[in-house]
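Chemist: Structure provided below as structure tokens; questions to follow.
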Amino acid sequence: MEKSRHRQQFAFSLLLSLWLPCCLAQTTPSNATERLKVRLSGYPRKHNEGRVELFYKGEWGTICDDDFSIANANVLCRQLGFVSGQGKRKIWLDNVLCSGGEKSIEFCKSRGWGNSDCTHDEDAGVVCKDERIPGFVDSNVIDVDENRIEEVRLRSVVAMSRKKLPVTEGVVEVKYKDGWAQICDLGWTIKNTHVVCGMLGFPHERKVNKNFYKLYLDRQKNHFHIHSVACTGTEIHLAACPLEYSKRNATFTCEGGMAAVVSCMPGPLFMQNNGLKKKPKISSTVRLKGGARLGEGRVEVLKDNEWGTVCDDRWNLQSASVVCRELGFGSAKEALTGARMGQGMGPIYMNEVKCLGQEKSIWNCPFKNITSEDCQHSEDAAVRCNLPYMGFENSIRLTGGRTRYEGRVELLSSDSNGTQSWGLVCGESWSTKEAMVACRQLGLGYANQGLQETWYWDSSNVTDMIMSGVKCTGNEMSLSQCQHHKTVSCQKAAAKFAAGVICSDTASDLVLHAPLVQQTVYIEDRPLHMLYCAAEEDCLSKSAAKANWPYGHRRLLRFSSQIHNIGRADFKPKAGRHSWIWHACHGHYHSMNIFTHYDLMNANGTKVAEGHKASFCLEDSDCQEGVSKRYECANFGDQGITVGCWDLYRHDIDCQWIDITDVRPGNYILQIVINPNNEVAESDFTNNAMKCNCKYDGHRIWLHNCHIGDAFSEEAERRFEKYPGQLNNQIP
């Protein structure tokens with residue numbers, strides 16, 4: 001009965017933070033010459049889950065789940081998780097009891113090595129939070145080392161530089177016990193500096209004036225913990241470099257040397273006014289898409305003026321670091337596989353990328369061109385890059401929310417005397433884009449909602465409005481970088497009208513399938529007597545009101561729309577079903593007043609005709625293999641679009657058109673925008689628009705160059721805008 005209870009407890013997935021201080025480091029190993037290794041096993045499994053296996057006395061074995069608790073998992077967990085499957089190896093440990101602070105699993109109480117009454121259907125496993133500890137080098141096997149370097153910093157010795165962020169130059173220090181220790185610079189090379197700068201979020205290194213620092217450091221008491229560092233320059237962390245530690249409880253004197261000092265070159269996004277005449281450029285042929293934070297996202301590369309993705313076969317930290325550095329960030333913190341930053345929609349250009357780590361661009365790395373059989377977008381590669389520490393999160397907080405992901409936004413400000421205090425943000429004009437920046441600054445992922453009233457989160461005594469008129473593009477790192485009033489001007493200045501946010505680890509991402517629009521376009525002259533419901537829902541141009549109803553017709557530009565959710569969360573209407581509006585004419589509920597805009601524009605960008613479509617039925621029309629439908633409109637069902645599914649609006653349904661009755665023959669641009677008011681939060685709004693070149697001769701219509709708004713290069717987009725139109729229906 002007792003064993004059954006423990007098994008039931010363990011069956012729950014354990015979502016654990018990888019920032020826990022468990023290094024799986026052994027401090028008094030049973031065999032002083034043998035180092036414990038830990039790995040994940042089991043198939044199929046995700047990268048961050050699996051059966052826990054230990055390497056002991058030359059053999060891999062498992063841990064029995066008897067007494068396995070959250071404290072045990074705190075000690076073991078790096079990237080681990082519970083999956084089905086039985087081990088075929090020795091069971092090394094049973095009845096493991098950890099307090100949670102041990103540095104190694106073998107320091108926890110147990111029945112001893114190899115002493116177990118378990119079978120392999122009781123093997124222990126855990127699911128860990130999908131984020132790595134700094135310094136984690138190998139993708140699976142953890143080679144336990146008590147001296148493991150996890151935290152590295154630059155300590156500035158120049159008074160003025162201490163106040164400026166990011167710190168780009170200073171003494172290299174590593175976290176040691178409860179303090180910081182230095183590195184002896186004997187044998188220190190520029191390659192070591194390259195690795196350290198990459199860890200700290202900088203793409204390049206600079207020469208440093210050692211003589212200046214020597215005068216200062218000679219007067220300081222240093223504790224040298226590391227010496228003889230010999231990086232090759234391609235490592236992504238100092239822990240991966242050959243190096244030596246000082247002996248236990250002994251201080252290495254570093255005779256003939258001094259504490260290692262480095263100077264790093266920040267990327268363009270993090271540069272202050274440092275006197276450089278020419279800022280370094282970042283790559284224009286590589287970009288990151290779909291990430292919540294700066295420096296993370298799905299890797300996309302530009303080829304023949306069209307953006308495409310990279311397949312994750314053999315995707316590793318070296319290749320990811322090349323991408324990060326060419327974009328102006330440091331080395332890669334993580335090389336992500338399995339479309340963990342959402343799926344792309346365009347071509348897949350690269351597979352089995354094999355960078356060595358010193359390349360200037362991913363395009364300089366060996367790779368394979370692929371076919372559709374090799375890879376799918378479910379295998380799109382992504383990265384998380386190391387960024388310089390800017391401290392933006394210290395000047396913002398949320399109060400009053402039920403969880404740390406929601407609440408009223410409060411900002412820290414200083415008066416003329418340097419006194420700091422918290423204040424509120426005016427809720428007027430506050431929208432999803434401002435919320436995106438706030439959540440990014442907080443380090444809480446994507447914005448789920450931006451709220452203009454927060455009376456229900458009134459738990460703080462902060463009442464002063466200190467910022468108003470905030471207008472963000474959505475790409476800023478902090479709210480202070482957004483446009484805002486120089487002097488606070490807020491009509492509703494009461495605290496209950498302060499801005500608030502709800503943040504989320506995941507978000508949806510809607511993309512229109514452009515080729516289908518191009519393939520299905522046609523013109524229909526539809527009799528007025530068949531358009532009463534459409535007129536009621538305002539789907540016709542204004543001139544229709546002056547028509548001689550029910551006689552005559554309207555000329556409609558018709559096409560199908562297939563809207564995919566390629567994000568990592570379901571797309572659901574902002575309004576709950578209690579507030580959906582019933583439309584008796586068509587016999588359905590509207591869950592969003594405006595779901596898509598359909599516009600026909602001339603060369604100057606002026607609308608010559610438009611259509612607007614309410615989301616009268618957001619549902620899963622179909623899904624990719626392995627994904628089940630969740631949303632169906634019938635019988636007042638839940639509305640939404642599941643991740644990996646799409647909603648199809650066929651060309652033959654009402655309002656799936658633009659009324660072009662009054663449009664003259666000519667060359668135009670057809671534009672379709674999904675979620676145009678950003679009413680529902682998404683991870684990426686730049687791909688919500690689709691454009692096509694359009695030729696209308698008064699009788700027939702042709703579309704050409706249909707593409708998502710961010711699918712082309714800037715050069716190709718300029719050519720698209722200048723497109724003269726087709727002379728016939730032959731696509732060149």
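Placement of Cβ uses the backbone N, Cα and C atoms for every residue, glycine included.
Below, the features straight out of TrEMBL:
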type     : residues      : note
SIGNAL   : 1-25          : signal peptide
DOMAIN   : 38-129        : domain 'SRCR'
DISULFID : Cys98-Cys108  : disulfide bond
DOMAIN   : 152-265       : domain 'SRCR'
DISULFID : Cys231-Cys241 : disulfide bond
DOMAIN   : 286-386       : domain 'SRCR'
DISULFID : Cys311-Cys375 : disulfide bond
DISULFID : Cys324-Cys385 : disulfide bond
DISULFID : Cys355-Cys365 : disulfide bond
DOMAIN   : 396-504       : domain 'SRCR'
DISULFID : Cys472-Cys482 : disulfide bond
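Provide an account of the burial state, proximal residues and distances for the features listed.
Modeler: Mean model confidence of the domain 'SRCR' (38-129) amounts to 64 (pLDDT, 0 to 100 scale).
For Cys98 (disulfide bond), the count of additional Cβ atoms within 10 Å of its Cβ stands at 23 [all protein chains shown].
Cβ contacts within 10 Å of Cys241 (disulfide bond), excluding its own Cβ and spanning all protein chains shown: 20.
Sorting each residue of the domain 'SRCR' (286-386) by its DSSP state yields 16 helix, 34 strand, 51 coil.
Long-range Cβ proximity for Cys375 (disulfide bond), meaning a same-chain Cβ under 8 A and a gap of 6 or more residues, is found for Cys311, Asp313, Ile348, Asn351.
Cys385 (disulfide bond) is surrounded by 28 other CB atoms, counting those within 10 A of its CB over all protein chains shown.
Annotation for Cys365 (disulfide bond): spatial neighbours Ser319, Val322, Val353, Lys354, Cys355, Leu356, Glu359, criterion Cβ-Cβ under 8 Å with sequence separation of six or more.
Look at the domain 'SRCR' (396-504): DSSP puts its residues at 20 helix, 38 strand, 51 coil.
For Cys482 (disulfide bond), other Cβ atoms within 10 Å of its Cβ number 19.
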Chemist: How big is the gap, in Å, between the Cα of Cys482 (disulfide bond) and that of Cys385 (disulfide bond), rounded to a whole number?
Modeler: 23
Chemist: Based on Cα distances to Cys385 (disulfide bond), point out the closest of the disulfide-bonded residues Cys98, Cys231, Cys472.
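Modeler: Comparing Cα positions, the candidate nearest Cys385 (disulfide bond) turns out to be Cys231.
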